[in-house]
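**Student:** Here it is: the structure, laid out below.
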Amino acid sequence: MTVWESSSVAPFIPPLCHRLSRAHQLQKGTGAQIRWTKTAGSVSDRFQDSSVFNETLHIAKILRTQGGRYYCKAENGLGSPAIKSIRVDVYYLDDPVVTVHQSIGEAKEQFYYERTVFLRCVANSNPPVRYSWHRGREILTQGSDKGVEIYEPFFTQQGETKILKLKNLRPQDYANYSCIASVRNVCGIPDRSVIFRLTNKTASPSIKLLVEDPIVVNPGQTVSLVCITTGGEPPPLLTWVSTNDSLPQRSVVKGGTLTLPAITSDEAGVYSCVASNNVGNPAKKSTTIVVRALKKGRFWITPDPYHNDDNIQIGREVKISCQVEATPPEELTFSWLKNGRALRSSERMVITQTDPDISPGTTNLDIIDLKFTDFGTYTCVAALKGGGIPEISIDVNISSTTVPPLFFSFLVPPSLTVPRGKSPLVAREGDTVELECLVSGKPKPIILWSRSDKEVPMPDGNMQMESYDGVLRIVNVSREMTGSYRCQTSQYNGFNVKPREAVVELIVQYPPTVEPVYMEKRQGLGRPVVMTCKVLRAHPSRVLRFEWLLSNRLLHAGAFDAQRDETEYTIRSLNRDGWGEYTCNVINEAGAGKCTFQVTGKAYPPEFYYDTYNPLWQNRPRVYGFKLQWTQMNPGAVDRIVAYRLGIRQMGLQRWWEQEIPVDGQINKGELMTHNLTELIKPESYEVRLTPITRFGEGDSTIRIVTYSAPINPHLREFHCSFEEEPICMFTQDKNDDFDWTRHSAATRDTKYTPNTGPSGDRSGSKQGFYMYIETSRPRKEGDQARLVSPFFNVAPKNPYGITNPPAYCFGFFYHMYGKHIGTLNAFLKQKGQSASEAPVWSLSGNQGNHWKQAKVSVHPTSSFQVGPTRLHQSSARPRCPDWPPSSALSVLVSIGCRILMHRFTSPDIKQKGVHRRCWARREQYHSWLAIRRPNVCEE
């Protein structure tokens with residue numbers, strides 16, 4: 001199945017497995033549960049609670065990332081589940097991007113200097129893209145210009161790449177280059193193109209930053225970064241990026257200036273200015289923004305006064321350490337106070353700013369030979385040299401006790417307890433809960449919260465959360481948060497002792513999760529309907545009850561037993577009062593889960609048949625017809641379809657025209673139905689809506705667009721081509737030839753310079769009738785060619801076993817070959833798979849007189865075929881068929897079809913004055929000059 005990205009109509013995925021489960025349900029008399037899943041590579045996406053349990057999975061505005069294989073699983077508890085899958089290919093085509101790269105090299109020992117330019121075209125697409133290069137209006141192909149090389153596409157991380165190499169730049173190489181990317185109009189995706197102008201001033205970008213590196217600022221300041229271009233052609237485009245993946249939300253970018261108002265510490269990082277003009281590599285300049293900050297001040301004492309083996313006593317050494325996290329670290333300064341007065345380093349009071357054994361940002365106060373006079377309050381003060389940031393101070397109180405040996409009485413070891421009734425803590429999903437640990441100690445330590453039952457992040461995404469009061473607050477608690485939580489004192493709590501910890505249990509109650517959340521049950525009158533609501537999980541699960549309702553009217557209620565996890569409601573014989581929305585509420589202490597069943601007699605939507613063999617045909621010159629074909633999805637699921645309501649409106653208009661298409665008898669599964677749409681105005685498109693009708697009423701509608709275009713595969717039973725209309729019956733001029741065929745009439749032809757050549761009228765003798773001709777006078781020269789390309793032709797529907805009895809086709813046309821220097825006109829048949837063309841199937845040489853004549857050729861292709869090219873030569877000898885010329889039109893040839901190409905090559909003798917050679921092809925009397933029919937042989 002193929003869809004296109006961001007489609008305005010929700011793509012429809014045929015529920016293949018639903019058809020199987022429906023049949024199984026009718027046979028076994030029990031309902032089946034449907035679940036859609038998607039597999040992309042080795043990763044399985046089961047949609048979880050957002051899964052669609054409906055029989056039909058709708059994807060609105062599908063994205064390219066949603067392509068892949070979708071699985072539908074149906075199970076009813078009997079035997080193995082039924083599983084079917086369908087692959088969804090999302091087609092898209094991004095705008096192509098052209099980048100230019102230049103290499104300048106010099107070969108050693110040779111006087112050779114080359115300046116080479118590479119133009120690379122990249123476009124992301126599905127299916128693979130096809131590229132074509134143009135220089136101005138000139139189509140560039142391999143070999144068309146000795147100074148140009150075109151590499152075959154190859155794949156890079158950016159997509160499929162096509163490279164155009166310009167060797168040793170010449171003046172004519174400075175021009176506009178167009179890269180056209182095409183996915184061959186698949187899903188109606190148009191071609192996309194990009195233009196790059198190459199000049200002698202084309203150069204890669206260069207830039208300059210008008211700021212310092214790094215930039216150190218205080219929080220709340222406004223920072224402006226200025227970037228200017230110093231070179232580059234075309235003018236480069238400036239963008240700003242940061243190491244945080246995206247710029248801050250409050251940032252403002254204007255030209256090359258990036259402004260960060262009221263900057264915060266979270267916005268610090270590396271900011272880069274990038275200049276790109278698709279020439280060479282982008283230019284990039286970076287600077288680092290550093291936001292001053294001080295945080296997380298801690299202290300500890302060595303030795304630990306509460307460690308029995310290493311007491312602090314009078315006469316011994318004591319070290320007080322203070323640590324602070326600072327940005328930037330080189331601006332960090334420390335000072336010490338004793339009882340509020342500055343403390344200077346001395347022989348007994350040694351102050352060091354760094355400690356190699358401790359993390360950066362630390363200072364130590366070593367008290368040598370502790371004395372009673374050293375008792376007091378010591379303060380560690382941390383600050384930044386640049387100022388603007390509040391200082392951080394940490395107080396340590398040292399005093400004596402009445403019991404020797406002397407300890408530091410200011411220190412109280414920490415303890416943690418869980419208040420009574422706070423564990424286990426029971427809450428309902430969506431509530432706000434507070435987990436509490438009572439903490440004591442002097443100084444009061446910071447509490448770290450984490451999960452103790454498993455290694456998962458905390459609600460804020462980190463593995464630990466800090467709390468200064470011992471309370472962990474969780475907003476909008478969910479069922480996944482059920483478990484054990486550990487509260488633990490920080491390791492920097494003033495002691496070198498083992499951290500204290502406690503555990504709090506959290507139980508989250510939530511309503512039952514049920515399936516299906518929503519299911520549509522389509523059934524005919526008088527048939528049974530079974531609805532089953534299954535409980536997947538619930539807490540608490542010990543008390544579960546259910547109630548079935550129809551439009552708020554209670555039908556049945558009860559309680560679950562310990563062995564069952566589902567409840568079922570059955571309609572034995574559906575009547576008109578049974579249509580509606582059924583609800584099953586499964587209830588526990590925390591709330592209710594709801595299964596919803598929509599019981600309806602609506603018919604499923606029809607499915608348009610897009611692989612129709614030649615659905616478009618020509619009725620009259622100004623109107624066309626379309627053969628609408630469709631099948632009915634699950635025709636036996638509901639009551640018999642009695643009619644279809646057909647709606648049609650012209651695109652861009654509001655008014656709908658409607659009619660009913662009656663249906664006789666029962667529609668079989670897979671039966672192809674048709675209806676001819678006529679009197680459609682060229683070249684308008686139409687929106688067609690088809691709705692099935694049953695005793696219930698209207699079913700689901702299906703809409704498609706009918707778009708007029710020159711038929712790509714005209715029917716080959718009988719095809720006539722007329723040149724009376726300006727569109728020249730779907731023929732097109734080949735873009736790779738030297739000049740074009742011209743639509744003309746004898747009344748408008750000037751015979752002053754061509755008295756002895758060309759027709760004096762059309763085949764009926766009228767001077768008003770039109771025909772196609774080519775003019776071979778100057779500036780035409782020998783070897784010039786003109787090709788007229790017909791649309792595709794279907795030979796027969798696809799046959800996987802091959803064609804055993806190839807049909808015969810008659811290719812007929814009228815020609816006029818009159819003049820002194822008429823050469824040879826050849827018609828060739830080329831079949832699919834041939835490496836070279838065969839001999840011409842029809843050939844004629846020389847002057848045939850001033851008359852219109854008809855040619856008929858019987859061809860017997862065994863596969864898709866092409867007729868052409870035709871050729872005119874001065875010599876009467878039969879020329880060898882040349883290799884098929886490269887053509888963008890031929891590159892989209894479908895597996896079944898043919899093309900008719902008419903070529904005109906001028907005679908070698910072009911010096912004779914006043915002699916013009918032309919080749920005419922004229923219509924039949926019924927306004928067609930060319931006909932292809934399918935008799936056994938050509939009629940005489």
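Cβ atoms are placed via backbone N, Cα and C, with glycine included.
Keep in mind the model is a prediction, meaning the values are calculated, not measured.
Pulled the feature table from TrEMBL, pasting it below:
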- 1-89: domain 'Ig-like' (DOMAIN)
- 96-182: domain 'Ig-like' (DOMAIN)
- 205-290: domain 'Ig-like' (DOMAIN)
- 303-399: domain 'Ig-like' (DOMAIN)
- 414-505: domain 'Ig-like' (DOMAIN)
- 512-600: domain 'Ig-like' (DOMAIN)
- 719-867: domain 'MAM' (DOMAIN)
- 749-768: region 'Disordered' (REGION)
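In terms of burial and nearby residues, how do these features look in this structure?
**Tutor:** Taken as a whole, the domain 'Ig-like' (1-89) shows an average pLDDT of 61 in this prediction.
Helix, strand and coil content of the domain 'Ig-like' (205-290), in residues and according to DSSP, is 3 helix, 49 strand, 34 coil.
Counting residue by residue with DSSP, the domain 'Ig-like' (414-505) contains 3 helix, 41 strand, 48 coil.
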**Student:** In the domain 'Ig-like' (512-600), how many residues does DSSP call helix, how many strand, and how many coil?
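**Tutor:** Helix (H, G, I), strand (E, B), coil: 3 helix, 58 strand, 28 coil.
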**Student:** Using DSSP, break the domain 'Ig-like' (303-399) down into helix, strand and coil residues and give each count.
**Tutor:** 6 helix, 46 strand, 45 coil
